[in-house]
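Residues or ranges marked as active site, proton donor in TrEMBL: B:LYS210. Under the heading NADP(+) binding site, TrEMBL lists B:ALA13, B:GLY14, B:LEU15, B:GLY16, B:THR17, B:VAL18, B:GLY19, B:ALA20. Annotated NADPH binding site per TrEMBL: B:LYS110, in sequence order. Annotation comment: TrEMBL describes B:GLU195 as L-homoserine binding site. As annotated by TrEMBL, domain 'ACT' applies to B:353-429.
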There are 2 protein chains.
Amino acid sequence: MSQTSEPLRLGIAGLGTVGAGVLKIVRQKAALLEARSGRSIRVSAVSARNRDKDRGVPLKDYAWEDDPVTLATRDDVDVFIELMGGSDGPAKAAVEAALKAGKDVVTANKALLAHHGQALAELAEANGAVLRFEAAVAGGIPVIKALTEGLAGNEITRVIGVMNGTCNYILTRMEDGGLTYDEAFAEADGLGFLEADPNLDVGGIDAGHKLSLLAAIAFGTQVNFAGVELEGIGKITIEDIRQAADMGYRIKLLGVSRMTGRGLEQSMAPCLVPAGSPLGQLTGGTNMVVIEGDQVGQIVLRGAGAGEGPTASAVMGDVMDVARGLRVSTFGQGAKGLVSATPARATTPAPYYIRTALVDKPGALAKVAAALGEAGVSIHRMRQYDHTNEAAPVLVVTHRTTRAALDEALAAMKALAVVVASPVALRIEEV
Amino acid sequence: MSQTSEPLRLGIAGLGTVGAGVLKIVRQKAALLEARSGRSIRVSAVSARNRDKDRGVPLKDYAWEDDPVTLATRDDVDVFIELMGGSDGPAKAAVEAALKAGKDVVTANKALLAHHGQALAELAEANGAVLRFEAAVAGGIPVIKALTEGLAGNEITRVIGVMNGTCNYILTRMEDGGLTYDEAFAEADGLGFLEADPNLDVGGIDAGHKLSLLAAIAFGTQVNFAGVELEGIGKITIEDIRQAADMGYRIKLLGVSRMTGRGLEQSMAPCLVPAGSPLGQLTGGTNMVVIEGDQVGQIVLRGAGAGEGPTASAVMGDVMDVARGLRVSTFGQGAKGLVSATPARATTPAPYYIRTALVDKPGALAKVAAALGEAGVSIHRMRQYDHTNEAAPVLVVTHRTTRAALDEALAAMKALAVVVASPVALRIEEV
């Protein structure tokens, strides 16, 4: 079924764990890859910052390039594999050079695509090249393929995901280990789970990049990372986690995107999900993406979101597609047809969880209830806990309400003399 | 990116709920499908047993053929969509005719492929046609695509699946509703969940068909449905379900396939899985497929296994692939390269759950323990329950053991005078 029996020749820039993992697969599984794709796959040349580092795989069989741009445009490279990272700089320059030279590109670089996805998709198309990025989203889970191809007969209604394993690890450890946020953060850091700039993880930026790519495919829109409402997990307390659990929920850094009459919603923020749902049951560093389509209903995909093997698996999935002659537009349709959607703040009505603390005086709770009622926010469940230091923790689960009504209610609560802790609200995502 | 801007013309044979669902998608989503595939998709002709039945979608725009073979070979049909069902007869004749005429074929027919997959794959290849069957396995879950394409860089180590929603519904109702097997069966029947021949469902045949297709892709082997060890759910009692739950397990009709040194294991049988695992938490009619690869680790895919929308979604995924020019060999590699694997009885050591009942006499339990020990089966946990009618139910969870040792232990137990209920053993699948 393959188009040609010529070998497919790879050039790999970036030889960290993922790059080394790809090299190992190509070396060790040559016969399997050839049986499946109908052609041999081999590496022509590689590039990295340090030539002498031991990566557990010999490099002597491959040409070496110091400059990834030179690598990307070599005559003996059919597919340029970009594993350097970074939204700009050498990664961008090399990918652009490869596409301009008509080379196919496979990348794991979510930042690059989140910032320059539209321009790169147009560049690929203009040069008859494909640009694939399965490894950029949710590690080993073949979610880009599922969304772009497998579910192509659906109008996608919502995409939800837990796509940063580090955040999920921290939240899981706060819940099951009783750690504070700072303790869980330090533990994750000690295990090497955090990016050099930890805000990429805990600030939701990395996961936000991924969400913006899924949204582009799902809704046929131009990638718009700037339109993602971002909120990190730094403000989540152990009390939030315990109280949410007490109410039957778990807190996740949740990406949610849907197209509404008001525009494209993209939100990456801590949310509550039912503890018994697949998302609620996801613990540790595992990722999960939930795709909802008008025909298929709900599809749940779960797997490792990072690591050498899973990420290299995703890179190789894209390489095998190219080897087999499977050529799909970057975001599932012609780049020029992708529309520039108006970003909409998450306006779809949802239930919310509100945490605050009240002075221990008669009538305090009634005043909070009244403030909510006046803003049109209806209370589903309300609990007051044993007070500490004269303040009694109170939490409220509302019925579905608009964000505007909620903000009004929160402002009114803050103005009450009986409210001693500025109220914190988290959306409850119904899944 | 598409190969051509000519319209893609479909011929659909079989207009049950799925066929009608496909017609609706093609009619109602014409613009979306064209934006994504780069070409228009339209239906040229249809065929079904009854022309006059109201299917909620008008047929007057399409040519009608009484004979699906004639439909399959029409000049104005590029893709033949077979939704008639049945492993032989008209479905087989029409698919063969289409392939011989060089038409691409999309089918939801697991029985056809389980019985004739190898011959049909060879026929497709000889005629330059593709044969796609995403809808044949696990309904709307794009599992064929994930396994064939997304995970193509992996050596697959195990495939596990709950792929018959009816069986999972019956087992769920026995557990959460306290129904007997017969009651739950009657309820499923009343809801129209059962095939005309219910043994296709509860005997594991339908799910076994699906497993044999996944195994062929996963392990590069010729489809061998006859090599699937089949056991239905008819012998599962409510006590099994309760006692398994008591031990932290749930019972599922579980398909498991792995390649071992002894050959290809394919088993579709009731198994215990940890209640807290994704498979254990799967309730009702939902399907789940777990794929394990040497690189990717464990990928879990979950979604609706049947129904108009989900199945039509899968059919359309295949149609969109054809429209986009994505052409992959039927089982992920050239048909002639698929090997004829020796079927191996499930010989991989596993823990087992054993249920029996003993006379209420001193030393009875010790005799059972001794029989297990003499066969080399080590006991992990053992419980004796309050006795009824002079017999005390006993259940044992063993450590990992071979099936041969287990069978020896079961035979020895049966021979004991104190054992009054023939022991029943179920494998515990570690996930």
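Including glycine, each Cβ sits where the backbone N, Cα and C put it.
Keep in mind that TrEMBL annotations are predicted by a computer and have not been checked by a curator.
A distance of 17 Å separates the Cα atom of the residue listed as 'NADPH binding site' from that of B:LEU15 (NADP(+) binding site). Within 8 Å of the centroid of the Cβ atoms of B:ALA13, B:GLY14, B:LEU15, B:GLY16, B:THR17, B:VAL18, B:GLY19, B:ALA20, where the record puts NADP(+), the same chain has further Cβ atoms from B:ILE12, B:GLY21, B:VAL22, B:ALA48, B:ARG55, B:LEU83. The Cβ of B:GLY16 (NADP(+) binding site) lies under 8 Å from the Cβ of B:ALA48, B:LEU83, each of these being in the same chain and 6 or more residues away along the sequence. When the alpha carbons of B:GLU195 (L-homoserine binding site) and B:LEU15 (NADP(+) binding site) are compared, the span between them is 17 angstrom. Within the group of binding-site residues (B:LEU15, B:VAL18, B:ALA20), the Cβ with the highest number of other Cβ atoms inside 10 Å belongs to B:VAL18.
B:LEU15 (NADP(+) binding site) falls outside any helix or strand according to DSSP and counts as coil. Long-range Cβ contacts of B:THR17 (NADP(+) binding site) within its own chain (separation 6+, distance under 8 Å): B:GLY307, B:GLU308, B:THR311. All protein chains considered, the CB of B:GLY14 (NADP(+) binding site) has 25 other CB atoms within 10 Å. Cβ neighbour count for the residue listed as 'NADPH binding site': 27 (other Cβ atoms within 10 Å of its Cβ, all protein chains included). Across the domain 'ACT' (B:353-429), DSSP assigns 23 helix, 33 strand, 21 coil. There are 29 other CB atoms within 10 A of the CB of B:LYS210 (active site, proton donor), with all protein chains counted.
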